Each structure stands twice: as structure tokens, then as C-alpha cells.
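Feature annotations, courtesy of TrEMBL:
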- 21-44: transmembrane segment (TRANSMEM)
- 64-85: transmembrane segment (TRANSMEM)
- 156-177: transmembrane segment (TRANSMEM)
- 183-203: transmembrane segment (TRANSMEM)
- 240-257: transmembrane segment (TRANSMEM)
- 278-301: transmembrane segment (TRANSMEM)
Amino acid sequence: MSAGAAAPARDRHQGRRIATAYVWATIGAIAVVVQAYVYASWLLSPDLVPAPLGPDPVPPSDKMWAWILQPLFVAAGLAATLWIVRGCIRAGRFTFDAKLWCAFMSLAWLDTVANFTRPVVAFNAYYVNLGSWNADIPGWMSAGVRRFPSTFLIEFPSYMFLALVPVAGCAFLRALSKRWPRLGPIRLLGCWWLVAIVFMVAFEEPLARAGWLIWIGGNVPGLTLWPGTRYQLPLLLDPILWGGPVLTAVTALRYYRDDRGRCWVERGLDTVSRLAPRVGTAMSTLAVIGFATVGMVIYAVGGTVVAQAHTVAPPGMPSYMRAGLCQTDADAC
């Protein structure tokens with residue numbers, strides 16, 4: 001092929017890369033605008049009050065864990081954020097891990113999106129909360145959502161330090177690739193997905209036993225740990241569906257970067273970055289946010305489908321866990 005023929009091919013390839021980057025940045029921008037609207041609507045609504053506990057007394061053990069976990073999560077979230085900031089200071093620029101931090105924080109508003117059509121997960125209303133912003137998410141269908149406790153001292157810090165999981169994931173993938181260099185991307189990421197599943201079980205099950213959450217839906221027979229108990233954990237939801245389209249996909253985005261440190265959703269923004277570095281950084285951050293948001297939407301759709309088919313709430317669900325989701329007993333969920 002002559003140089004003259006190769007040039008148009010390179011131009012077309014570059015054009016596709018630019019178009020791809022702009023699409024992802026547009027998705028990210030839409031996600032940021034929508035969540036800003038949702039948060040603003042929630043903060044300005046008259047329903048900005050704690051969810052009711054109901055008549056059932058909160059056990060002392062639940063109260064104890066609430067006041068251990070909330071400051072612990074806040075401290076962990078701040079520590080993770082400090083680590084990100086220090087990385088930016090050392091590098092003298094807004095690092096890729098900082099973009100990942102922004103992406104994870106941009107997922108927090110969708111934390112309970114599995115409840116979109118019907119109750120799937122319930123939180124303890126004893127934890128610090130001011131109701132929920134879910135009712136302000138366009139199209140939300142499940143009832144009683146204004147009284148649902150969005151426990152922000154757990155949820156927001158969680159996303160702060162979960163942004164570091166892809167960092168650990170990349171270290172795992174490098175070690176695995178060094179040990180077995182013939183492993184291709186599919187097998188490498190499949191191994192990390194299995195690790196992510198185990199991680200999500202180890203992360204969420206202690207929180208269920210501490211009294212923070214109860215899974216109501218998604219309890220597929222054979223794919224649910226401790227079914228029929230307050231501690232039941234549906235593997236198809238957070239461990240598999242969140243561990244895959246979100247954790248594994250974002251880890252892959254970080255791992256498979258080029259020699260300039262750019263992931264594939266950022267490529268094509270080089271011209272913008274040269275002419276207006278801050279605009280380029282903002283657009284690449286939005287592209288990463290867009291990618292993570294699409295993963296969260298895949299999780300939401302999958303979780304909604306699973307919840308429609310399998311919803312078995314544990315018996316004797318107390319009122320402080322039913323707040324806004326159920327009526328008089330767990331069967332009403």
C-alpha cells in the first residue's frame with residue numbers, strides 16, 4: 001500500500017476514535033446532569049427527613065454496629081480520596097485513578113437502582129439518612145420510595161474506596177499475566193471477575209449480619225447464600241452483575257491502557273488536550289464516567305429482570321428495615 005493510500009485509512013481510523021471518545025464523553029455529561037438534577041430535587045424537596053423506624057425496636061447490636069460502621073466507612077473513604085489526591089500532586093496532573101474516583105462517585109446516586117421497579121434491597125433506617133433521592137430519578141416505579149433510607153454515610157464513602165478496587169485488580173492481572181503469560185484477555189478478566197465475586201460477598205455479607213441491609217429480591221434458588229434468612233445474599237445481583245459490568249469492566253479499562261496512559265474511551269481526545277488541556281481532561285473524565293455509568297445501567301437492567309422473577313423476602317422483617325418499601329410484613333414486598 002502506498003503512503004498516499006495509507007493516509008486516508010489513518011484519518012478514518014482517527015476519526016472513528018474521536019467519534020468514540022465524544023460519544024462516551026456525551027454519555028458521561030448526560031449522567032452528570034441527570035444526577036445533579038436528582039440530588040438538587042431531593043435536597044430541595046419537603047421530604048428531606050429521616051425515614052421512620054416504625055414500632056419495632058432496633059436491637060442494641062444493630063445500634064452498636066451503626067455507630068462503628070459509619071465513622072469507619074467515612075474514614076476509609078477519606079483515606080482513599082487522600083491517596084488519589086496525593087497521586088495527582090505527585091504526577092502534577094489529574095491522574096487516571098482520579099478519573100476513576102470521579103466515575104465511582106458518579107455511580108452513587110444509582111446505588112439502589114435495583115429497586116427501580118420493585119423492592120430488592122432494604123437498608124436500616126436507624127443509620128443516618130434523610131430519606132431517599134430515588135423518587136427523583138426519572139421513571140422510578142417502585143412505591144414508598146420517599147421513606148426509603150439512603151444511608152449516605154455508608155453509601156458515598158463506599159464508592160470513594162471502591163474506586164481503588166480496580167487499582168488492586170490491575171496488580172492482580174499483572175501478577176497473573178506474569179505467572180501465565182499465555183493467558184488472553186478473556187481468561188485474565190474471567191479470573192478477575194471470580195475474584196470480584198468473592199470480594200463482593202466478603203464485603204456485603206458482614207454488612208448484612210451487622211444489620212445494615214437485607215436483600216429482598218433476586219434470590220434465585222441455587223444462586224443465593226443463606227436463603228430464607230435475614231442474611232441471605234443473592235449472588236446474581238451485586239457479586240455477579242455488579243462485579244462484572246462495573247468492577248471487572250472498569251478494571252479492564254484501567255489495565256488495557258496505551259503507552260501514554262490513555263484508555264480506549266479517551267483515545268481521540270489528544271487534539272483537544274493539546275489545545276485546551278483542562279477541557280481535554282474534563283472530556284476524558286466524562287468519557288470514563290460514561291463508561292462506568294453504562295456498566296451500572298447493565299447491572300440495573302439485569303437486576304430488575306432477576307428481581308421480577310425471584311423475590312422472596314425473609315420472614316419477620318422489622319419495621320426499621322421495611323421503611324417505605326413494604327406494608328405490614330415482609331410478604332408485602
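Using the three backbone atoms N, Cα and C, a Cβ is placed for every residue, glycine included.
Any TrEMBL annotation is an automated prediction that lacks curation.
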Original post:
At least three Cβ pairs under 8 Å linking the transmembrane segment (278-301) and the transmembrane segment (183-203), pairs spaced 6 or more in sequence?
Top reply: no
**OP:** Could you tell me whether the transmembrane segment (21-44) and the transmembrane segment (240-257) are in contact, taking contact to mean 3+ Cβ pairs under 8 Å with a sequence separation of 6 or more?
**Re:** no
